[in-house]
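To start, the structure itself, in structure tokens.
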Amino acid sequence: MLFYLLCIYVSLYYIRPFEWYGPLRGLPIFAVLGIICLLALFYCWATDKIRLFAYKTDYMMAGFVLAIVLSHLSNGYFGGAVDSVMQFLPSLVGYFLIAHGLDNRQKVNRFILLLIVLSTYLGYEAWLQHSQGFSHGGLEPLYQQITNADGVREPLLRVRWYGLFNDPNDLGLALVIAVPFLIQRILEKKYIIAVVCLPTLLYAIYLTNSRGAMLALLAAIFTFFILYYQSKKGMIFGVILTGLLIVFGPSRMAEISAGESSAYGRIEAWYEGFQMFKGSPLFGVGKGMFTDYHALTAHNSYMLVLAELGAVGSFFFIGVFFYSLRWAQKPFFSKRSMPSNSQEHGLLAACYGSLMGLMICMFFLSRAYILLPFMVLALLTSFINKLNSTETIKPNPDLVSKDFQVKRIGQLVLLEIVGMYVLIKVLL
């Protein structure tokens, strides 16, 4: 039951027919489905069909929600706490559905295929916008004024989709997630889906003209090849492909520099965010309150959490990523790593590639609360558990043990604070 619900849930999150299809427009379909999914999760938990909080990432997600609540209660804003939790609920529900609904390898594979299909559909809609000027529902692309090399102002077309994906950066991130899985299919000689979907996704990412999406793509591909081959061959492939993407990527990639005006605005936003953290170091100024103190958003997910949720929120936010990244040491870098030619190895490398792409991109975009990173984390968490249950590799205690590595995560939070302080001082 959970598997079918999560497939419907993620499909609606991507396609969003309730925002553009006439008979469904304006109906609270997604909200109602979210409530149904929550009830289904509790029912499966009560009947012992699933074990909620079986993973340490589950606890970190719950702690992150608590940090969101405390960020407002500490400032005497009860209504803000309720609103913020409701806004984060789609990401929370999506995480638990995926982490606990993918209870066997077959479902993991089907879900990855679903992500590929959904991403390709978004790529098709991007092509429609570029070729005929609008996509389904009549949505037109975004035209952003830029200054070309000759100093002349001209419009830059950037494709987008509805809802969350109305920002070309977010659309680009959604498209990037599926790319490592398609490359993995090509390397394993499964060409039919890959030869159709991969060019569509790469072209759509190009049409977003998103520097953040291109950075995520570079990081995802480079990480995938390094982990897939675990040799100089992987590094060479990664360097060649990332170099080609830079050369043939969107024109805005050439504008990335600390001296560029938008880049300076980001650094200034980081500075203001750090001042907010200094004013409320424990619980922050409140989720969604960053722009009450500064005209621009943080343009950095880690700085955004530090400013809005304080050190407590950053602890849980970093903790969500910590366990999965720490677990990577065993299958990829230990003496008893899994065979590099196994399907499990390829899928795990693709998962980590997608996650690393998102994490690096999040350093330049404020995307701390959307579903996409938590979706990949949940997929990775579930896949790790499936590997352990089939004994492809020895079970690793990091994911499920009661040792929460509080000291280690605390050290990473401290490193984040010091690192952001030094970076801001150097760049300003």
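In case you wondered, yes, glycine gets a Cβ from its N, Cα and C as well.
Any TrEMBL annotation is an automated prediction that lacks curation.
Sequence annotations record features per position, and here TrEMBL assigns transmembrane segment to 27-46 (among others).
Sequence annotations record features per position, and here TrEMBL assigns transmembrane segment to 58-78 (among others).
For the transmembrane segment (84-102), the residues of the chain that approach it from at least six positions outside its boundaries are 2-3, 5-6, 9-10, 13, 30, 34, 37-38, 41, 44, 50-52, 54-55, 57-58, 61, 65, 68-69, 71-72, 108, 111, 286-288, 369-371, 374-375, 377-379, 381-383, 386, judged by C-beta separation under 8 angstroms. What TrEMBL records for 84-102 (among others) is transmembrane segment.
According to TrEMBL, the transmembrane segment annotation covers 111-128 (among others). With a cut-off of 8 Å between Cβ atoms, the residues of this chain six or more beyond the transmembrane segment (111-128) that come close are 3, 6-7, 10-11, 14-15, 98, 102, 134-136, 159, 161, 165, 171, 174-175, 177-178, 181-182, 193, 196-197, 200-201, 203-204, 207-208, 347, 379.
Non-local neighbours of the transmembrane segment (161-183) in the same chain are 13-14, 16, 19-20, 112, 115-116, 119-120, 122-123, 125-126, 135, 137, 139, 142, 193-194, 197-198, 201-202, 204-205, 208-210, 212-214, 216-217, 220-221, 223-224, 347, 349-351, 353-354, 357-358, 361, 365, 367, 370-372, 375-376; each lies 6+ residues outside the stretch with a CB under 8 Å from one of its CB atoms. For 161-183 (among others), the entry in TrEMBL reads transmembrane segment.
Positions annotated as transmembrane segment by TrEMBL: 190-206 (among others).
Annotation source TrEMBL lists domain 'O-antigen ligase-related' at 200-318.
TrEMBL lists 212-229 (among others) with the feature transmembrane segment.
The feature transmembrane segment is assigned by TrEMBL to 236-254 (among others).
Residues or ranges marked as transmembrane segment in TrEMBL: 302-325 (among others).
Sequence annotations record features per position, and here TrEMBL assigns transmembrane segment to 346-365 (among others).
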Touch test for the transmembrane segment (302-325) and the transmembrane segment (27-46), at least 3 Cβ pairs under 8 Å: no
Chain residues in Cβ proximity to the transmembrane segment (27-46) (below 8 Å; excluding those fewer than six residues from its ends, i.e. six or more beyond): 1-2, 5-6, 8-9, 12-13, 16-18, 52, 89-90, 93, 96-97, 100
Within the predicted model, mean pLDDT of the domain 'O-antigen ligase-related' (200-318): 82
